[in-house]
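Written below as structure tokens is the structure these notes are about.
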Amino acid sequence: MEEEKFAAIIVGAGPAGSTAAYMLAKAGLEVLLVEKGAAPGVKNMFGGRMYSHALNQVIPDFWEEAPLERAVARELITFLDGGRSLTLNCQDLSWTEPPYHSFTLLRAEFDAWLAGKAEEAGAMLACGIRVDDLLIKDGKVAGIIAGEDEMAADVVIAADGVNSLIAQKAGLRKKAPAPHQVGTGAKQVIKLSPEAVSRRFGLSGNNGAAQLFVGDCTKGMQGGGFLYTNKDSISLGLIVSAAELQKNKHRISDLLEEFKASPHIAPLIEGGEVVEYSAHLVPEAGLGMMPQLYSDGILVTGDAAGFVLNLGYVVRGMDFAIASGAAAARAVLSARAANDFSRQKLGLYQQFLKDSFVLRDLEAYRGAPHFLEIQRMFKAYPQFATGLVSKIFTVDGGEPEHLLGKALGQIKKSGIGWGQLAGDGWKGARLL
Amino acid sequence: MAGVWILAESREPTLELLSAGIDIAAQLGVKVAAFALSSQLAEEYIKCGCDEVMLLPPLAAGQPLESYVPVIVEEALLNGPDIILIGASQRGREIAARAAAALNTGLCSGCTGLRLDQEKKQLVMERMLFGGAAVQTVVCETRPQMATIPPRTFEQAQPAEGHQGEVRQLPAAPPSPVTVVERTPKTSEAVDITEAKTVVCVGRGVGKQEDIALARELAGVLGGEVGCSRPVAEDLRWLPEELYLGISGKKVKPDLYIGVGVAGQIQHVSGIRDSKVIVGINRDENAPIFEAADYGIVGDLYDIVPKLVKEIKAALKI
Amino acid sequence: MPRIIACFKWVMDEADIKADPKSRQLVLDRVGYKISDYDRNAIEEAVQLQEKHGGSVVGITVATPGAKPCLKDALSRGPEKACFVNDPAFENLDPSQTAAILAAAIDGKIEYDLIICGEGSSDLYAQQVGPALAEKLGIPCATYVNKLTYVEGENKVIAQRKLDDGLETVSVKLPALITVLPDLNTPRIPSLKQVLGAAKKPVDNVSLANLQQTFEPCLKTTGILAATMERRRLKFTADPEDIRKVVDSLIKEGVIA
Ligand SMILES: Cc1cc2nc3c(=O)[nH]c(=O)nc-3n(C[C@H](O)[C@H](O)[C@H](O)COP(=O)(O)OP(=O)(O)OC[C@H]3O[C@@H](n4cnc5c(N)ncnc54)[C@H](O)[C@@H]3O)c2cc1C
Ligand SMILES: Cc1cc2nc3c(=O)[nH]c(=O)nc-3n(C[C@H](O)[C@H](O)[C@H](O)COP(=O)(O)OP(=O)(O)OC[C@H]3O[C@@H](n4cnc5c(N)ncnc54)[C@H](O)[C@@H]3O)c2cc1C
Ligand SMILES: Nc1ncnc2c1ncn2[C@@H]1O[C@H](COP(=O)(O)O)[C@@H](O)[C@H]1O
């Protein structure tokens, strides 16, 4: 029967899918949002911080109603080497005023809220349903298949995350991403009192901190650690290249335990209780793993499209997911106005993405993944930096040495070649 | 008669509740009464410290035990007991729930511990919550205060030299709208798992019924017994129900518990919590059993169990 | 054609409950909710009976307004209608209150032949609400049922009860209440169409005011403490050396000899 057809079916109620569903439903379309989890967000994880700009475009002043943890006031980057660490610590209180720069948040609540917004706007949300395949008619995507059931739609939006089955089924991407294209993330949420969180990170009120770690925590493998302060807990985790983990036979859970026990972290989480543990993949290969973004009757958004930027000092995925979900919704609205859901018409999506920060930023940092694949970034440089600065601060009655001399000594010690240093320095400055 | 009332399906649980009842009654300065199904039992209960026995007349053919509910309720309305303790067999639970509803009073089901608050003359009762993840303490604001108590929570009352009491015959149970058409008594072939020093527990991770042999072999070299999780007994029916451990099954306290393909959900863990050492074998490194275990072995049980058997044999030189 | 009521409860998922080891307070802020495990069997049984014999199935729950998501979940499992007895006051009810509220919401308001409850709820596991509800409604009940047959034309059910001392098959005149064990059936996993269909099914909202009664608790909870367990939580792999380490430790601890 005809009534069983939706204008759009969105697969996955993560930030990308819920944003698209929200916008389409608000525009009056009949929208179905399908989520395999028992509720939106139950299985979703991320590090812990979302940059606000993208969502603010879709839901202005969203912070007045969204379940958020803390507005980030303090950014820290820490290099680790054994007992040494070097931290760059930057506080900017303007970040904690509207339009807040970024927020820490917990996905279970946030995703449920955003999906709830879509539902409120009139989208139909079906949880506990896994989409298994696409309905193809005349070579065009015409709906979805879940178990025994088929459901037709003018257009399907794949928002099903890093392993996107839907993009594969649509033939937009060959197979699941290869190990070198993804990072494995593991995270624990550690409960502390709100006062302890604020005190330990020097935060006033409900301000938050975001801290990234490079060095020992990944045993020199490509990746890093992250720490975000929530209201009354800390999100702590690691992201390590899946390929390197495999090669070195390390288990991410063991690495995380070691990281927690290290003298740099242990005091920060002392007395805390682990209330949540999760693991998830992160697309890491940037534009290198971007599938075809659209075809007849289908669009690919968020992680499914590989829209994640991991620069070591910045991890961004949520804002890309939201902005790409919004761009997809706009493309669908145009297509609907013309009643044309062909590849050509839906190509508008790519245009919208190019006009927005999504493809612009990914393009700008195109080379970053390769740069970050350089081993030295994760072992030798942290060693060098911590060694140098610790040397500067060390007074031990030894011969005085100028800064340059100290630096030269440390470079020698870290075993980095001059050519490499110059090359990496130049590349780094250009790419990041 | 007011005071503390005891009701259980059979002799042992009645005597267990009696010992608790006598204790509370003494503190309250009231008497203890028990229901009995035969005059022989009535005598014994009196010998063991009961002040009054209410003798329930035999049921007509086809009447289930629960047909006594109206009789019990009637007696309670007439005599106003302070406390009614009921043995938490399945029938006991139904009787208790219905009697409490009829008497408009509170019932603490599955009460695992109780004491008397002397000042308020109130029972302070403990029970498990959330599958055993928490212990809830409750008091009953209405009268009588009722609780169902699992078997073996208390020691049995012992005969007290020359104790006297009265036996009172109760009216017959009214006809019941529920008729028993068939009874199949349990053929009790299973071992008493609660006595075992070592328990090897089979979970649903064991893929086929035949593969329980793996667990049996491990139990064999350790001189232990095989137990299981609830679904293995109830859904799959691979092992008798007397062997499943957990909040609704048996509670065990062995020296060594080894869970083989057991997820370790809280309802299960509640039954093995008091084991001296817990070992968990599971291929999912995030399985909850590892939170509850002293030694967790992450991997395929089909690989691990034979290795374990081999190592144990080597170590014990068998 | 039996008119069936299935009672279900919306409970915290106990697997999500964490505890603070020092204070032994439960940490409940990140728990998910679900339909109580055995109530899925209750709903499934009701729906299977309807599929076989016709009639109707209404799902009923007593909860706070926040439990609204339970309706879609329950309705996607087959009942054609839900009765949502909800009020902000219906938080942490004791079983006697729940039974009394259910009785007030059902008696004279919903026509029924059979009420099906779970053996016990996953959170309280009091195993009371079923039989207590039967008593309040003045109807017979059979508890711990693992096989249920509706006898067409005779207005009765035959139920097999699984009890400590064996099996007991009883014949029960309707209207009656049954509480079911999990081995009675395997609850279906709702399909997409069933989930979508659920959103269109009718829901009767019943508030405390509609019931024109008050419901006082009989039991008062004076404390809830997490059951903590000190365990070493050492982890090993399947490597033979690791297994040997475990065996050595167990021997040292004196638990194998
Ligand atoms: C360890 C880690 C740390 C991160 N840190 C940050 C950070 O600090 N800041 C940041 O901005 N980003 C971070 N990210 C990236 C961010 O999490 C993702 O970019 C973002 O979640 C992408 O959103 P999405 O909606 O595209 O996909 P997801 O959030 O993955 O949502 C996909 C949804 O689709 C559902 N689904 C999948 N398959 C199916 C199917 N077949 N049928 C139905 N439903 C399906 C899933 O259940 C899920 O709900 C991090 C990621 C990881 C792994
Ligand atoms: C009110 C209530 C009361 C309950 N009472 C009890 C009770 O008293 N006792 C009880 O046991 N349960 C009880 N349960 C059920 C309980 O919640 C769990 O569902 C049950 O204990 C799970 O049993 P399981 O671990 O055997 O099965 P599953 O949960 O299916 O777990 C199987 C495990 O085996 C692992 N596995 C699979 N294959 C392998 C392999 N090849 N090698 C290694 N590992 C493998 C899996 O990773 C998984 O963790 C109760 C539930 C409720 C709601
Ligand atoms: N709040 C509720 N709403 C509807 N049914 C309930 C509720 N609480 C309990 N029940 C039913 O009563 C059964 C036993 O619950 P309990 O007495 O809490 O163990 C459950 O399996 C449900 O079928």
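Glycine residues also receive a Cβ, built from the backbone N, Cα and C atoms like all the rest.
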Residue in B:Arg204, B:Arg216, B:Arg237 which TrEMBL records at the FAD site where B:Ser229, B:Arg230, B:Gly261, B:Val262, B:Ala263, B:Gly264, B:Gln265, B:Ile266, B:Gln267, B:His268, B:Asn282 also bind:
B:Arg204
Position of peak Cβ density within 10 Å, selected from the binding-site residues B:Val262, B:Ile266:
B:Val262
My list of binding-site residues is B:Val262, B:Gly264, B:His268; which of them have a Cβ under 8 Å from any chain C Cβ, in sequence order?
none
Taking every residue in the domain 'Electron transfer flavoprotein alpha/beta-subunit N-terminal' (B:4-192), what is their average pLDDT?
95
The record names B:Arg204, B:Ser229, B:Arg230, B:Gly261, B:Val262, B:Ala263, B:Gly264, B:Gln265, B:Ile266, B:Gln267, B:His268, B:Asn282 as the residues that bind FAD; what is their largest Cα to Cα distance in Å?
17
Taking the Cβ of B:Arg204 (FAD binding site) as centre, how many other Cβ atoms lie within 10 Å?
16
Residues of the region 'Disordered' (B:159-186) by DSSP state, where helix covers H, G and I:
0 helix, 12 strand, 16 coil
Counting other Cβ atoms within 10 Å of each Cβ, which of the binding-site residues B:Arg230, B:His268 scores lowest?
B:Arg230
Give me the count of other Cβ atoms within 10 A of the Cβ belonging to B:Gly264 (FAD binding site).
24
